[in-house]
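The domain 'Helicase ATP-binding' feature in TrEMBL is assigned to A:282-448. Sequence annotations record features per position, and here TrEMBL assigns Zn(2+) 1 binding site to A:Cys510, A:Cys513, A:Cys550, A:Cys553. Feature annotation from TrEMBL assigns Zn(2+) 2 binding site to A:Cys519, A:Cys522, A:Cys537, A:Cys540. Feature annotation from TrEMBL assigns domain 'Helicase C-terminal' to A:545-697.
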Amino acid sequence: MNFASVIVDVPAKQTDKPFDYEIPAAWKNLIKPGMRVVVPFGPRKVQGFVIDIKEEADYPKTRKIVEVLDLTPSLTPELLEVGHWLTETTLCFKITAFGAMLPAAMKAKYEKEILLVKEEFRDSLSQDVQPYFINSNSFAWSEAEKAGILPNLQKEIEKGLLEVYYKVSQKGNRKTTRYIKAALNQKQLLEAAEEMPAQARKQKELLEFFSETEDAAFTSQELQAAAAASDSTIRSLVKKGFLQEEWVESYRDPYADRRFEQTEPLSLTEEQEGAIKPILQKVEDGQHHVFLMYGVTGSGKTEVYLQSIEAVLQKGKEAIVLVPEIALTPQMVERFKGRFGSLVAVLHSGLSTGEKYDEWRKIQRKEVKLVVGARSAIFAPFENLGMIIIDEEHETSYKQEENPRYHARDAAIFRARKHNCPVVLGSATPTLESFARAKKGNYELLSLQGRVNSRPMPEVSIVDMREELRKGNRTMFSTELLEQLRNRVEKGQQSVLFLNKRGYSSFVMCRDCGYAIQCPHCDISLTYHRSGQQLKCHYCGHEEPMPSVCPECSSEHIRFFGTGTQKVEEELAKVLPEARVIRMDVDTTGRKGAHEKLLSAFGTGEADILLGTQMIAKGLDFPKVTLVGVLAADTMLHLPDFRASEKTFQLLTQVSGRAGRHLLSGEVIIQTYTPEHYSIQLTKQHNYLAFYEQEMQLRKQYAYPPFYYLALVTVSHPDLLGAVSASEKIVSFLQAQLQVSTQILGPAASPIPRINNRYRYQCMIKYKRENNLAAALKAVNERFQQEMQQNGLGISIDLNPYQLM
DNA sequence: AGCACGCCGACT
DNA sequence: GTCGGCGTGCTC
């Protein structure tokens, strides 16, 4: 086993293959697949992943591995497999897939340095560069560039006095703590203490201290406190060999200063029992299976998760729980930490790079048994997985919108298959894809339709904003909402106001009849383009002029839509000056911890109204909230996205669930210009099943998922013409490669037609069964390879896209 | 991605 | 004659 196949950290088509390296004799039995190494690559050094160890190299002129970065492989054999699967299913580079499975801190940082070849060359350096090497024998390339002395250095390099060195370092550092312990036994220590010269009073005392303790290790701070020992005393005793130092890895614990109240398993309702039984059975049997737990808000899904995990841990196995952007729900972390204490690692975007790395290390070192985290936590390096849970399965944040464009649900199922363990998908509003699979029997449906505390679902009323306008109310608050808000303030109860900011973009709607202009071929809203006063469809490229009157009712009040939280806050202050308002949006939650602060302020009753966007829709649970208002339910409904109705229904249901979760019953007011729309009407009725049926019909009619699969090819180019012609060529190429039954739409301008001065066109592929697809798309990449290198053509491929932009 | 090699125009 | 433009191709 003399050679290693390495995937190098150079994300490019030409380097997306293993390179063989010789393993230096000293590391022969040390290097294993999954380890990160540093290898020479051309003139520089790069990081790479060992994917294979072999007796012979496939290449005659191998070079040697220069550094080993891991003692234990950072990618387990199974995760290496997951990596290969990722490249195949998302068409990304191998290195991109591997990189995505590790915390950012482990990504290499590359630095160029200029090194003095030999100490004695220092005096031979020319006058202009010598000053830079007076105190050191290296000098950062970037500094040299700034100082403008590169040409001078070049000359010295040619003379052989200096050399260019490529340094590979890590972003995050392991945090270690120094512990001091005795190097001898207690008797020997006592003897040593007696032989200490009289002037070494402190050393003598410290030795005596150690001779009285058994086999304990202390940090220097502890010694300072316990024995008044200074660091210099410790050091000289270490030097004399009486004491020894020990470096132990320590963790930055983001939750160190927080106490989690220990909780006990609650007794389950009959429904919960019914749901947990089949899960426990699969855990017991060690069998792969996918469950879809469809449970209304407040039905106690989390308790089912907790008790299932309990069973997994009892079998000595590990579990992964995915939650959407967990930073937003400290309440969720609390529930897991409360039940499983220090067995839990938490991975989410609110942690620093170092903190994330530490949590990851805890998993790798098997110090935790459970990880709760956002999307990428699906790659937690557990080796004995017993269950994977995906909470709020419908959340779109489970799909990564950059390479590798994977969906955590797919990765979960792939891993669970390998580990023979169950996957539990939970949601009050499952995606149509998952629910359809459950109906077909691919997944097992578990249903929780009652709320744990038997509270009725909140009363939802829909306010027709067209009516308000007719009555002369031009503010963004309907009479009813305003009245109810005032009522809550008076009663000392709290309200949540939800503004859907997404879709601020520009769909066009009639303020009188609520008619939104749609594409005749795609059943999605057209987008308004100021340039040329045109309406465009981003799917098929259809175009039409912006009408001056509503095509439906001939009203002149037709215009495009959008508003922001700040404006709402101002208006609220005008109409309801007595209310104390907390506003939560990107502006007010920018700083780390600001989020939690605002939420806890609201929780302790420092405000009457919580006003916010998306981020307040999830997982909040405040007993005193009895009113939820949705200011404009339509904004999302008319996004150019075939999932718009689904997302609207999910969001409205989600938001409604924030009201009346405890003793006080709740009420929801939804303001809309399209009250008759089924996704709004069915929210009022709390009827997911009806929504599912209706939406499925439309999906079938327009050939969208789950009836068809989608693939999105986005072409970008510095010139408009280049983008157009390349995308046209791609479309015709694909038409030749793929089956007749596969639909290829476009090319059409991307919803964001120009980013960074690059024009973007896209085409969408709809297919049912297409074995050729991956091969055809790979072929596209290959065929346009030269153009991609030469004229700055870019091709991005998203299989099963979520965001169609 | 970097970087070197290599082949054509404007300069000491 | 050379410096330097960036097209081309390679990196185990």
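Any Cβ shown, glycine's included, is placed from N, Cα and C.
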Original post:
Can you give the mean pLDDT for the domain 'Helicase ATP-binding' (A:282-448), rounded to a whole number?
Top reply: 93
**OP:** Would you list, in sequence order, the residues of this chain other than A:Cys510, A:Cys513, A:Cys550, A:Cys553 that have their CB within 8 A of the centroid of the site's CB atoms, where the site is the one recorded for Zn(2+) 1?
**Re:** A:Arg511, A:Asp512, A:Gly514, A:Tyr515, A:Pro551, A:Glu552, A:Ser554, A:Ser555, A:His557, A:Ile558
Original post:
Including all protein chains displayed, how many Cβ atoms other than that of A:Cys550 (Zn(2+) 1 binding site) lie within 10 Å of its Cβ?
Top reply: 20
**OP:** Taking the Cβ of A:Cys553 (Zn(2+) 1 binding site) as the centre, count every other Cβ atom within 10 Å, in any protein chain shown.
**Re:** 13
**OP:** Give the number of CB atoms, excluding that of A:Cys537 (Zn(2+) 2 binding site) itself, located within 10 Å of its CB.
**Re:** 23
